[in-house]
Amino acid sequence: MALPNQQTVDYPSFKLVIVGDGGTGKTTFVKRHLTGEFEKKYEPTIGVEVHPLDFFTNCGKIRFYCWDTAGQEKFGGLRDGYYIHGQCAIIMFDVTARLTYKNVPTWHRDLCRVCENIPIVLCGNKVDVKNRQVKAKQVTFHRKKNLQYYEISAKSNYNFEKPFLYLARKLAGDGNLHFVESPALAPPEVHIDLAAQALHEEELQQAANQPLPDDDDEAFE
């Protein structure tokens with residue numbers, strides 16, 4: 001869903017809402033996609049910036065109109081107008097700030113109150129930073145709510161496309177859909193230790209086979 005003053009397209013397009021605490025890297029993440037950054041539009045009445053992000057798939061071009069809060073979440077809850085007609089969502093937290101993960105259930109509740117039964121991806125951002133506070137095995141919320149989870153690093157472009165590919169497959173109802181061309185991304189601002197991150201990803205896989213804790217707080221003990 002584009003803004004009233006924004007160009008529409010004749011290929012499939014979807015409203016993607018991105019939520020999470022302030023400072024988790026939502027805007028940085030969206031701005032990696034250079035053509036979307038060039039064509040963004042701001043809507044002051046809702047306090048939102050909408051970035052049109054195009055991806056090229058084996059089934060043709062698709063567009064996500066990424067609704068970014070432009071920092072409004074720092075002043076309390078978001079208005080329902082931000083969520084209405086949302087067709088998919090990303091909930092983002094910062095793996096270096098434990099509170100941002102503890103607030104994920106609140107964001108999920110607010111989102112699902114307005115947007116029922118939409119595909120949602122949970123993203124743990126800033127995995128390039130050394131002093132990680134939320135370990136991979138401590139991330140369990142997605143398993144409780146049947147969400148997809150990815151570890152990402154917006155500033156290094158690590159796993160940038162994965163949330164979009166997952167959502168595209170869900171929205172198209174085609175598990176074989178794939179991207180045939182990479183979007184133009186801003187050059188990495190930082191470099192990620194891929195060997196260390198591979199260990200986190202392995203920890204995540206092992207945790208998926210463990211029983212869920214009764215309470216998320218238990219995971220941090």
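Note that Cβ sites are derived from N, Cα and C of the backbone, with glycine treated the same way.
Worth saying up front: this structure is predicted, and the values here are computed from it rather than measured.
Residues or ranges marked as domain 'Small GTPase Ran-type' in Swiss-Prot: 10-174.
DSSP assigns GLY23 (GTP binding site) to coil in the three-state reduction, outside any helix or strand. Residues or ranges marked as GTP binding site by Swiss-Prot on the basis of similarity to another entry: 21-28, GLY71, 125-128, 153-155.
Taken from Swiss-Prot, the feature region 'Switch-I' covers 40-48, and the record attributes it to sequence analysis.
Among the features that Swiss-Prot reports, region 'Switch-II' is placed at 71-87.
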Conformational class of ALA154 (GTP binding site) under the three-state DSSP mapping: helix
